[in-house]
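See structure below.
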Amino acid sequence: MFEKIAIIGGSGNVGSHIAFLGAMRHIAKEILLFSNDIPRCKGVGLDISQAAAIFDIPILIKGCNSYEEIAESEVVIITAGFPRTPNMTRNDLLLKNASIIQEISSNVARIAPQSLLIVVSNPLDAMCLVAKQWSKFEKERVIGMAGILDSARLTYESKVMLGDFNKHIQSYVIGSHSDDMLPLLRHCLCEGKVFTDIFTPKMQEELIKETKGGGAKIVNYYQKGSAYFAPASGVIKILEAISTLNEEILVCSVFTEGEYGIKDIYLGLPIKLGKKGVEHIVELPLNQQEQEMLNISTQGIKEQVEILKDNKLLY
């Protein structure tokens, strides 16, 4: 259990659901909700506090709009930013959200210099690099939540296709948090059997299509905003892995230094987490086609990085 965590963007859909799930699972003794919309932020904090009281969970949840109050937070979760709307690509969000992440990261480094940073804002992989550079934190302490979500969508779609929600499934979707994500069907398991032995080639194509379209489908249903229950759950999964040292392999956006032949960008890869953040990146054996697809997956991120450099949001 953490002593204190802070959620920047705590009044938004993702931030408030992280707080609610975190309270219900008693992830911390104190959860701080930071937002410019202080009335809503305080309302969310009070509402969740009353929910926690129903289950007699001893937790302090409060809203604030001063960075000074995030001092001594062990983890700071960044959900702030503009959400995707119908027909909006992640690139459309790039410059809009990068300036927000720049400001937040600089303030977190000033007020909570020992914290871990978990980034949820999109475009995820590029925002992680912005957060790392402007916080000046070690690469292990800046983690992006996306691969857990993409992998969960593959797990869900495979259960739908099998018509059996009782199956134990382990899925890995690596690469960028975009349409270029790479579901590693050869490494995904259902009751110990690999997906490529269970699903026909046509079924595999359908699984990949549905997984990649999972987020956009929710955006189209909601019309205003994007997914928040599942992303919030992904953050809690990271927090629990850090606090319990459960050794579970999770796909998160992490800084690369040659792993999988990729350097100097954030990318969704399998990792193990510990008290100090990323302990190590797990390198699954890829065949030539998978490696080529992973390389393609990095191109969009690299293009975003160049755009951010041109606009002085990265250096």
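Glycine residues also receive a Cβ, built from the backbone N, Cα and C atoms like all the rest.
Annotated features, as they stand in Swiss-Prot:
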BINDING   G9, G10, S11, G12, N13, V14, G15, N97, V120, S121, N122  NAD(+) binding site
BINDING   R84, R90, N122, R153  substrate binding site
ACT_SITE  H177  active site, proton acceptor
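Candidate binding-site residues: G9, N13, G15, N122. Fewest other C-beta atoms within 10 angstroms, N13. Fewest other C-beta atoms within 10 Å: among the recorded positions R153, H177, that description fits R153. Non-local neighbourhood of V120 (NAD(+) binding site): V14, I77, I78, T79, G144, M145, P231, V235, each in the same chain, at least six residues away, with C-beta under 8 Å from its C-beta.
Spatially close to S11 (NAD(+) binding site) yet at least six residues away along the chain are L33, S35, D37, R40, C41, V44, G63, judged by Cβ distances under 8 angstroms. For the pair formed by the residue listed as 'active site, proton acceptor' and N13 (NAD(+) binding site), distance between Cα atoms is given as 19 Å, rounded to the nearest Å. In the three-state DSSP scheme, H177 (active site, proton acceptor) is classed as coil. The secondary structure of V120 (NAD(+) binding site), as reduced to three states from DSSP, is coil rather than helix or strand.
The full span of the recorded NAD(+) binding residues, G9, G10, S11, G12, N13, V14, G15, N97, V120, S121, N122, taken as their largest Cα to Cα distance, is 17 Å. Here R153 (substrate binding site) is positioned 24 angstrom away from G9 (NAD(+) binding site), judged by their C-alpha atoms. Put simply, R153 (substrate binding site) is 19 Å from N13 (NAD(+) binding site) when counted between their Cα atoms.
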